[in-house]
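Asks: Here's the feature list from Swiss-Prot:
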- 1-18: signal peptide (SIGNAL)
- 19-148: domain 'C-type lysozyme' (DOMAIN)
- C24-C146: disulfide bond (DISULFID)
- C48-C134: disulfide bond (DISULFID)
- E53: active site (ACT_SITE)
- D71: active site (ACT_SITE)
- C83-C99: disulfide bond (DISULFID)
- C95-C113: disulfide bond (DISULFID)
Amino acid sequence: MKTLLVLALLLLSVSVQAKVYDRCEFARILKKSGMDGYRGVSLANWVCLAKWESNFNTKATNYNPGSQSTDYGIFQINSRYWCNDGKTPKAVNACHISCKVLLDDDLSQDIECAKRVVRDPQGIKAWVAWKAHCQNKDVSQYIRGCKL
């Protein structure tokens with residue numbers, strides 16, 4: 001019984017660890033997922049966005065006191081509009097997902113939700129970090145040297 005408890009605790013600790021992607025590894029995943037050029041957004045812009053939003057950390061969260069919402073995951077997807085965290089007032093959940101899935105190592109739902117975000121009229125400008133650090137900048141450095 002004690003062995004099972006130790007094993008369960010070990011598995012739990014493994015499941016809550018963050019995955020921090022290397023920028024080239026992240027770029028390859030995005031490319032395979034059809035993000036390069038999606039809605040006119042280059043691969044380098046997506047990588048720049050994730051660098052400044054989460055530093056490629058799948059477990060990144062950021063609470064926004066003004067809207068009482070939280071940004072989740074590698075793309076910092078907001079609980080007010082895009083996912084359900086069960087605590088954000090007047091949440092829309094336009095991606096129809098739990099915010100928890102944005103914190104795991106599987107990026108498929110993060111990517112699908114990011115695609116949903118850029119389909120809105122605001123597009124990639126929905127991300128404040130993209131506007132501050134990537135818009136109208138040479139973002140080629142974010143994929144330079146990556147074997148894509």
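Numbering starts at 1 and runs along the chain as displayed.
Yeah, the Cβs are placed from backbone N, Cα and C, and that goes for glycine too.
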Asks: Quick check for the class: what is the C-alpha distance, in angstrom and rounded, between C24 (disulfide bond) and C48 (disulfide bond)?
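Replies: A Cα-Cα distance of 11 Å.
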Asks: Can you tell me how many other Cβ atoms are located within 10 Å of the Cβ belonging to C83 (disulfide bond)?
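Replies: C83 (disulfide bond) is surrounded by 29 other Cβ atoms within 10 Å.
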Asks: Under 8 Å between C-beta atoms and at least six apart in sequence, can you list the same-chain neighbours of C146 (disulfide bond), or say none if there are none?
Replies: R23, C24, A27, R28
Asks: Where does C113 (disulfide bond) sit by DSSP, helix, strand or coil?
Replies: helix
Asks: In sequence order, which residues at least six apart in the same chain have a CB under 8 Å from the CB of C95 (disulfide bond)?
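Replies: C95 (disulfide bond) has long-range Cβ partners I77, W82, C83, Q109, E112, C113, R116, V117.
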Asks: Treating G and I as helix alongside H, and B as strand alongside E, what does DSSP give for the domain 'C-type lysozyme' (19-148) in helix, strand and coil?
Replies: 52 helix, 16 strand, 62 coil
Asks: Cα-Cα separation of E53 (active site) and D71 (active site), in Å?
Replies: 9
Asks: Near D71 (active site), which residues of its chain come within a Cβ-Cβ distance under 8 Å, counting only those 6 or more away in sequence?
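Replies: Set apart from D71 (active site) by at least 6 residues yet with Cβ under 8 Å, we have E53, A60, T61, N62, N64, I77, N78, S79.
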Asks: Given a 10 Å Cβ-Cβ cut-off, pick out the one of the disulfide-bonded residues C99, C113, C134 that has the most other Cβ atoms nearby.
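Replies: Answer by Cβ density within 10 Å: C99.
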Asks: Are there any residues at least 6 positions away along the chain from C48 (disulfide bond) with a Cβ closer than 8 Å to its Cβ? List them or say none.
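Replies: C48 (disulfide bond) has long-range Cβ partners W130, H133, C134, K137, V139, Y142.
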